[in-house]
Amino acid sequence: MGSGHYFWAILYFASLCSASLANNAKINFREKEKKVLDQILGAGKYDARIRPSGINGTDGPAIVRINLFVRSIMTISDIKMEYSVQLTFREQWTDERLKFDDIQGRLKYLTLTEANRVWMPDLFFSNEKEGHFHNIIMPNVYIRIFPNGSVLYSIRISLTLACPMNLKLYPLDRQICSLRMASYGWTTNDLVFLWKEGDPVQVVKNLHLPRFTLEKFLTDYCNSKTNTGEYSCLKVDLLFKREFSYYLIQIYIPCCMLVIVSWVSFWLDQGAVPARVSLGVTTLLTMATQTSGINASLPPVSYTKAIDVWTGVCLTFVFGALLEFALVNYASRSGSNKANMHKESMKKKRRDLEQASLDAASDLLDTDSNATFAMKPLVRHPGDPLALEKRLQCEVHMQAPKRPNCCKTWLSKFPTRQCSRSKRIDVISRITFPLVFALFNLVYWSTYLFREEEDE
């Protein structure tokens, strides 16, 4: 029994010793890590103002490899021609002065949170408008130094970048927004930026944008030459396709409905002046408001956009429907005036005919001096000049038939040949306006959709 207690006591003592040794080992390892940092970054041992040497210690330019991780794309503004992006930016280079002993593979890398302790490339974003670092809860930045002298710098930043847009096909367009990175002070003789080999740009999965779709991205080089030398530059082009469904629901369908509503006046009675005027003015004002709202969300440009063609033609159709009623009203009043004049002319002719009949009857009666009445002979001699004059008065002159008018012949094919000219205008408009609008849609969509495919 005593030997058993003795065994467990020894085992407990051994476990305490091993734990103490492990803690001491950890403390000693961190002490060694601190000692390594002091050895490579101590006072007088490293100068962050001097750039590292080239590959294999040569005097060539320092090579910095870049890669990006796009975390989110917040907004793409058409009116400001800019977009906002949040990304993790990484750059990696080799500094021979930072090599250290990895303690038999136990020390994989050293981590720094102060970037100013080592040399840093002077990279800047050339098309940046605004930008800021993230410091919640701690600054989102670190530097890793590897045993072979390789340095990895990583930081999370948010940028607002300029994105010049061509809006000729808006809203059936595609836009290319670039992100450009260049050296500010070091020329290509001292510093060269390269994309990291193998997947230099990554994008977060399930990236959703309200009005665009990120189709693809392309990496390229954009070195620039100035009076002070040639500077290394990298760029990534993000290709965005605009989501058309939003504009179909918000713009195209409402405009079509307004145009169709304006045609209702063609089916109203031409005498319903208040109804037709109010309908035409209301649709015209609504269409004008819709157009101004669309233009308010776009920058003023010197060229015609696809949406301008659509809204302009729709506004023309609505205005044309209002002018059609003005023409119908004028034709109706003109027809009424002509009818009244025709009635007055017929009344005058009837009165003249009655007066002529009375005069002819009075000529047939002749009164002598003794107030006795006698009938004049009803048949006169053929050579009698008075008989010839009466015969000429009774002659009816027929006009020669006019040549048929093709337009009148075409108009006569519509219902009610005897209907007024104003009614015919309404009947023609009921057919002409929809046909012309359908033809416009055919030309519009075939033109812009074909141009969109060409841009692909």
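From the backbone N, Cα and C atoms, a Cβ is placed for every residue, glycine too.
Annotated features, as they stand in Swiss-Prot:
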| type | residues | note |
| --- | --- | --- |
| SIGNAL | 1-22 | signal peptide |
| TOPO_DOM | 23-245 | topological domain 'Extracellular' |
| BINDING | ARG71, ARG90, SER154, SER183 | L-glutamate binding site |
| DISULFID | CYS163-CYS177 | disulfide bond |
| DISULFID | CYS222-CYS233 | disulfide bond |
| TRANSMEM | 246-268 | transmembrane segment |
| TOPO_DOM | 269-273 | topological domain 'Cytoplasmic' |
| TRANSMEM | 274-295 | transmembrane segment |
| TOPO_DOM | 296-302 | topological domain 'Extracellular' |
| TRANSMEM | 303-323 | transmembrane segment |
| TOPO_DOM | 324-426 | topological domain 'Cytoplasmic' |
| TRANSMEM | 427-450 | transmembrane segment |
| TOPO_DOM | 451-456 | topological domain 'Extracellular' |
To what whole number does the mean pLDDT across the topological domain 'Cytoplasmic' (324-426) round? 59
Disulfide-bonded residues: CYS163, CYS177, CYS222, CYS233 - member with fewest neighbouring CB atoms within 10 Å: CYS222
Which residues does ARG71 (L-glutamate binding site) neighbour through Cβ under 8 Å, counting only same-chain ones at least six apart? GLN86, LEU87, THR88, ARG156, VAL204
Cβ-Cβ neighbours of SER183 (L-glutamate binding site) (radius 10 Å): 24
Between the two most separated Cα atoms in ARG71, ARG90, SER154, SER183, the residues recorded as binding L-glutamate, what distance in Å do you get? 24
Please report the three-state DSSP label of ARG90 (L-glutamate binding site). strand
Tally of residues which DSSP labels helix, strand or coil - the topological domain 'Extracellular' (296-302): 1 helix, 0 strand, 6 coil
With DSSP as the yardstick, break the topological domain 'Cytoplasmic' (269-273) down into helix, strand and coil residue counts. 1 helix, 0 strand, 4 coil
Touch test for the transmembrane segment (427-450) and the transmembrane segment (246-268), at least 3 Cβ pairs under 8 Å: yes
Would you mind reading off the Cα separation of CYS222 (disulfide bond) from SER154 (L-glutamate binding site), to the nearest angstrom? 23
Could you check which of these recorded positions, SER154, CYS163, CYS177, SER183, sit within 10 Å of CYS233 (disulfide bond), going Cα to Cα? SER183
Residue pair CYS177 (disulfide bond), ARG90 (L-glutamate binding site) - Cα distance, angstrom, rounded: 20
